[in-house]
Structure formats: structure tokens, C-alpha cells
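The block underneath contains the structure these notes are about, expressed in C-alpha cells.
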Amino acid sequence: MAKRTAEILGSLLGIGLFIAALWILSRALSAHHLRDVMASVHQVPAGRILLALGFTLLSYFALTCYDWLGFRYLGRSLTYWKVVFTAFTTYSVSHNLGFSLFTGGSIRYRLYSAWGVTALEIAQLVGFSVVTFWLGYSALAAVILLSGQINLPDQIHMPVHSTFVIGLIFLIALVGYVVFNFTRKSPLTIRGMEIALPKPRITAAQIIVSSFDWCVAAAALYVLLPDAPGLGFDDVLGVFLVAQLAGLSSNVPGGLGVFESVCVLLLQPYLPAPVVLGSVLVYRVVYYLIPLGIAALSLGSYEAARHRAFVRRLSAPIGQWIGPIAPQVLAFFTFLCGAVLLVSGATPALTARLKWLYDFLPLAFIEASHFINSLIGIGLLIISRGLQRRVDGAWVLSVLFLAIGIVVSLAKGGDYEEALVLAIILVLLVPSRGLFYRKSSLFSEPLNPMWLASVALVLITVAWLTFFSYKHVDYSNDLWWRFALVENAPRSLRALVGALVALSAFAVLRLMRPHPHEPTLPTGEDLDRLLPVIASARETEANLALLGDKTLIVSQSGKSFLMYGVEGRSWVAMGDPIGIPAECRDLVWQFHTLADRNGGWTVFYQVDPANLPCYLDMGLSLTKLGEEARINLTHFTLEGHEAKPMRHWHRKPESEGCSFEIIPQAEVSRYLPEFRSISDQWLQLKNVREKRFSLGYFDERYLGRFPHAIVRQNGRIVAFANIWPGGGKEELSIDLMRHTPEAHGGVMDFLFIELMLWGKQQGYQWFNMGMAPFSGLDNRGPAPLWHRLGALVYRYGEYFYNFQGLRRYKEKFHPVWTPRYLASPGGVSLFRILANLGTLISGGAKGVVAR
């Protein structure tokens, strides 16, 4: 809740600062018109734009060096082109989305993890890059801003009127970091993780590379400004540093509006406001949008190329790390297309183009095209959220709206530039169909504060542009009803109101949608309908649904389902969804949406490594829980030297009167009273309570659905286990396995061996022995805190549960070990999630502390 409140407050603060920035721009441009700004844009020489592109290239090269230095700091090596691609994609996206995503942690994780870089190393790399970013800024701020030659205008309402104090703060921070880094010899410990400090040589390289990056980024703006008396590069660098600091602090995506207003104010003594704003707008395209466009084109080119059979074979590994980030980039560009259409509708059309269009099209068609243009624009803003969450309907509507947008852009004013932008995004979007697979309604998707703030910023910009563009037009009520070729103001006003009405209609429909239902447990009839799905499932854990203690989400076809429980804020799905793979992916997102809408944490417990990319797509973190043991029955035998111990475990109980028997499901009911007695004795012997959720418990209706394996000792039943058969005879497992205190000491070994021999005879491929919790976790210094705690519990936790003994017991059957993971939001919430999970499995808080 606190995190969500912070997001909302941060978004509101960003909107407030953005409005303040527009107010400052209005004051600075009060004596000018929009045509003055556009004239300044067109007056920037092509040679200077090419020079700015060169400086931009140098800046992004320096940014890739951040990550390259980071790998040197970590003591790892990675092919340079992989570092270049990842760093370029990261920074081109994060520069446009704002400082909240500057580190690009999620993008780095998706790309670098595919090349074997661990999550801990990626986290350290992200931190290293952030420090590098600010080291260069601090060094330049100390040199440039301490001179005090830049005076802050009163409109900024800062507590100081000179940049001297800002420069002094950054100088103290820089010197403090360098001294601390050079004098401290031991690693730094943060939240249980040891972080080695960079060596002096790397620290020096950080400062040099970052300072170079800031200088060439400022040089790209400097060359776009016209020559002015007294305006040197050092002046522009100082203005650039202050403007970037204001933009980064504002929480506005890309510092949009804030950066421009500060540049206009601080450069007013040298150049007119329209000239500065025109140059800054060109800089925005050169330094921000063109690199982002290149990143999008590379992703789109990949998606188009992989549809060719030859390229598909070569690019299959690449798709594992490009696929997860492509929807985010395409969603951003779709949002950008919507913003472009809305801005176009708010500004006057070129008269020459309108007159040319009038020779071919009737005025009514031009007017309608202008109005539809704004409706399509607001539609693309809304749909972009669906694209971000991989909704298939959002892809269909995006393609349709972009196609319509191209037509109306040309019809409303011959705006071929906008049509070209929309056409490029359409070409990138069409071959990416496979990335958008979710069956969901746009009205049911949760809207986060960042997206809502972005939509608000676009609409505020459009409203500001509308009134700024036509401030010379006197307002009257009949203005709304004027229809003429050169009447741009009425046309833009109608388009603005149409966009606001469309957005309001979307908001009303969302408010009227049904409230999400409370989780309810399935009835016996519900479980009976799922029996065919469970029987055909290759995963034996699908049988846990028959306990009836978990809520079910069933696909529309009824052939797939997901089971989950709720404890506290944790919405915990038991394992991966069961059923058809395409439907399972949709169920994962449906569950995520349900948890998000109820303010809960999305958690997937004991998931398979093969399905991890799907959970990473949702932004979840992965925590290893332990390893699952599976015995390959096709190779299982009691023959040979290696099987000698198992022959002993099998023959000794058999020689002392033990025998194995399979009870068919149809006959189980008459044995249940005897099984109940054995179960009660076993619970008392072990001094434990019945568990829930991920483990079965004694319930006659549940046990009556399965065949059972029993062991008789001298004719009397002394042990039983219910059998979980997997679909297609892929896997066989058991759930409850209980015995009497008087049973032979080797009864468990005997039952396991007999059951595996029976499973092999029946044609099953694997026998699943279940999890060994906490096994396989790293206990070394740089390992994550959870791994280190888990390893300690595994080694020293015998008082509570013999985890190490459980691993050793299963190991003697020579299984294949497969890791199992917890997918969750991670971070500080992980420990609360684990506590909720413990309560869920133990059947209540008492069960957590009582065995």
C-alpha cells in the first residue's frame, strides 16, 4: 500500500511540476506565436543536425562503456556487442521514460540473464551504472556550477538564486565518495549482501567516461543553438546540467516540458525564447527519439525476419531475450503515435496543403477526418496499456487504429510526416502478432499511476498547445459551429473536446464494470468437470486441485485451469497452470490482473524452469525454493552392482512378511476406515498437524478419487499411499504416505521400490518424489540473502525439519534434480510473502509454529 501511495504521490507531483513548466513557457512565449517556434525549428541547418547526431552517437557509446566498466568491476567478461546492444536498448528506452526507469533494471535482467549473468550481478551492475551516471555529473557540476555564473530566475522559485550552492553539494558528494572508496578496504554490506567497492583505477574511469558522456550530450544541444554573443560551450553545459537535474527530479517521463522550460529561462539573456525552444525540440528528436526509433526498428526487424524459416532457426536463441522487451517498446511507440495525432489536431494545418486537398475532397470529409484523428489519438493512448500487458485485442485495435490514423492524417491536412511515422510503427507491429497472446478485456486491465499520469500529461500538453496556438483568436460561443477551410481554431477545439469525451466514456465504462468476485472454493460438481483435464495432465501436481481447498480459474474452453489461495496480501498460485499452453499463458495474466485489481501480490509457488520467461514478462522476481527429485523409470532396475543397496532394502522387509498391493480406485472406499486409523496413528507418532494447499491431507472424498498402494505385514495393512497417475503415462507420484508405529523400519523404502517397479511395468516414464526444500542454494558470500538463509536452514534446521536428511533420502534412488522457483514481486515484500505462504500451507498461524 505504501509503495502504491508513493507512486500516486510521485505521479501527482510530476503532473504539478509539468503544469508549472508550461506556465513558465507561457510567460516566456507571451509575445510570440506557435509559428515563431516552428520557424526556429526549420531554421536549424542540416549540417548542425548531422553534427548533433555525431555527438549523440558519442554519448551513447559512452553509455555503453558504463556497462562495460561494470563488467570489469564484477570481474566478468561478456562479448562487447552484447553489452552494446543491451546498454543501447536500455538507455534509449529509459531516456524517454524518465529517471524512474533510468537504470533499466528490468531490460538488463531480461537480456543479460540470457547470457548467464546472475540476478545478483545484474543488480550490482545496475547500481554501478547509477553511481557512474552521477559521478560524471558531480564532477562537471563542481567545475561549472561552482563558478556561480548562472543565475536562477525568480520563476523557478528556488531557495537559492545561484548555482554555486548546487555545485558545492555535488563537490562534497564527489569528494566524499572518492575518499570513502579509496580508504575503505573491506566490502560494503547492504541488507545482508556484501558489495565490493570499485578499485581506484575503475573509479577514475567512471568519472572520466561519465564526464565525457555529459559533455558530448550537452555538445549535441550546443551545436543546434544559433551563435550568440557571449554564449560559449561552458555556458550551455551549465544550463544543460541544471535543466537535466530539474527534469530528472520532476518525475515527468523524459523530463518533458521541465527540461525545455528551464533551458528557455536560462538562455533568455542570449537568445529569444522561440529560438531556444525550437532548438531544444530538435535536440529532443535527435538525442531521444531517433535512438529509440533505432531500438524499435532493430526489434521489429528481428520479428519480421524470424518468420522466414532459415532466419527462424538462426534467431531462435535471440528471441528468448528480445521477445520480453519488444511489447514494452511497441506499447511506448503506440502511445507516442497517439500523442502525435492529438498534438497534430491541436495545431493549425498548413494552408497550402489544405487548399490542395480541397480540390479533391469535400470540406465535410476534411472536418470529419480532423475529428476522427483526435479520437484515434486518444484510442491509441488507451490501447497502449493493453499492448504493454500483451492483450491480443489491443494488437488488433492498434493495427486498425494505426491504419485509420494514416488515412485521416493525410485527409485532414496532408500531414504525410505523421502518416509516415504511423506507417513505420504499423510495419513493426504487424509481424509481432505472436507476442500478444492474452485473451482479456481492455476495460478489465489495471491502470497504474505512471500510465495515468502519462495520459494526463499528453492531454494537458494538447490543451496548452490548443490555447497557445490560437491565443490571438477571440473566443465566442459560435466559434464551435464554424466550418470553413481556413478555420483551424474551431476544428482544434472540437477535436480537443472529442478526445476528452472519448476518454471520459472509457473511464465511465471502467467504473461500471463488475466488481471482481471474492475467491470461492469449488464445489464437488466443479471438481468433477475438471477430472478429464486432470487425468490428461502430464504434471501429477494437477491432482492437488481435487483437495477442494484452492480457488480455481478455468479457461473458457474448460480445458485448462489455475489453482490458487489467498493469505494476507499474497495471492498464491499453486504451481504452473494446467492444460493447453496457449490458454495457460492467458490464465497466468488473468490471475495477475485479478491479484493486482485486489491490491494483492502475485505469487506463483513451485514453478517449473521452462515457464520462467512468462513470469519475467510480468515483472516478477525469481527465488529458488529447492529441487525436485524425479526417477527415470525406463532405466530403473534392481539388477547390477549399483542397485545392490536397493535389493537389500527390498528383500529384507519382504523376507519379514511384507507384501505390496495396488487397490483400484473403485475399491478404495471400503478401506478408508482402516486408512483413517493408520493416518491418525502416524500424525500422533510424528507429532504433526495436517498441512494444506501444496500437500494433501486425509479427506475421504479426496482419497476416494485415487488408486492406492498398500503394504501388508503378516496380512495386516501397515502403510498406504494414494497414487497420482500422470496423463500419457509421463509421470507417476504419490501424495499421502502414512504407516503405523509397528510397521517394519524399511516400509517406506519397500513401498517406494515396489511402486517404481509397478510404474515401470505399467509404462510410466518418471516417478516424482517431490521437493527437497532449500537444497541446491548457494551459501557463498555474494549469494542473495534468501539463498544464504535457505542454505543455513537446510544445513542446521534439523530441529524443525530434517531438510538435509530428506535430500539424502531421495538421493539414494539416483534421481534427476530439477530446480523449482517462487515467482513473486520480490524485494522487501518477499519475507511477508513467505510468511503468508507458510500460513497457507500450515492451515493457519498456529500450524506455522506447531509441527
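Including glycine, each Cβ sits where the backbone N, Cα and C put it.
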**Report entry** Which range of 81-102, 499-520, 587-608, 829-850 is transmembrane segment, per TrEMBL
**Finding:** 81-102
Query raised in the report: Are there residues at least 6 beyond the ends of the transmembrane segment (202-224) whose Cβ is under 8 Å from a Cβ of it, and what are they?
Result: 44, 48-49, 51-53, 55-56, 58-59, 62-63, 65-66, 69, 72-73, 131-137, 139-140, 174, 178, 181-182, 233, 236-237, 240-241, 263, 279-280, 282-283, 286-287
**Report entry** Of 12-29, 363-383, 395-413, 449-473, whichever stretch has the most CB pairs under 8 A to the transmembrane segment (236-256)
**Finding:** 12-29
Report summary line: Taking the transmembrane segment (12-29) as reference, the highest number of CB pairs under 8 angstroms among 363-383, 395-413, 449-473 goes to 449-473
**Report entry** Whether the transmembrane segment (395-413) meets the transmembrane segment (449-473): three or more C-beta pairs under 8 angstroms
**Finding:** no
